[in-house]
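Here is what Swiss-Prot says about this protein:
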COMPBIAS  99-113  compositional bias 'Gly residues'
COMPBIAS  128-143  compositional bias 'Gly residues'
COMPBIAS  150-160  compositional bias 'Gly residues'
DOMAIN    4-86  domain 'Sm'
REGION    80-160  region 'Disordered'
Amino acid sequence: MTISKNNKMMAHLNYRMKIILQDGRTFIGFFKAFDKHMNILLAECEEHRQIKPKAGKKTDGEEKRILGLVLVRGEHIVSMTVDGPPPRDDDSVRLAKAGGAGGVGQAKPGGRGMPAMPGMPGMPPGGAPGGLSGAMRGHGGPGMAAMQPGYGGPPGGRPF
């Protein structure tokens, strides 16, 4: 099974990544976003550069700069490798997954009423749940004779 480039990139979101550019610079930061041009957004980014030795010196040094949030143009990227796993947020509040039980402060859709009643597989539920089926005959309200039109006026008063 082949995995598209887009899925590979999505799998590495929030990972600590090391990006090498054409000019030899290296950016290390947390991979936050990308687009169709493979422009990369890195958070808490550091730039590492190799310093060429001056005439007469034998050792070359490395210069490190802390940059913060950086947008790297995809055209200049040579390689991109995983430098570390995504950071763990133990201090943050755990949020319920989508479809979990709602609570105070959580937006949940209203739904479509009561869940389906258990019954035979593939068969519709038998009837309305208790309390939602309507009034029962003979319980409460006037009798059928009182509901017929032309029964008379209001009790104890003259018509308007």
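Here the Cβ of each residue, glycine as well, is placed from N, Cα and C on the backbone.
For the domain 'Sm' (4-86), the mean pLDDT of the prediction comes to 91. For the domain 'Sm' (4-86), the DSSP-based tally of helix, strand and coil residues reads 10 helix, 45 strand, 28 coil.
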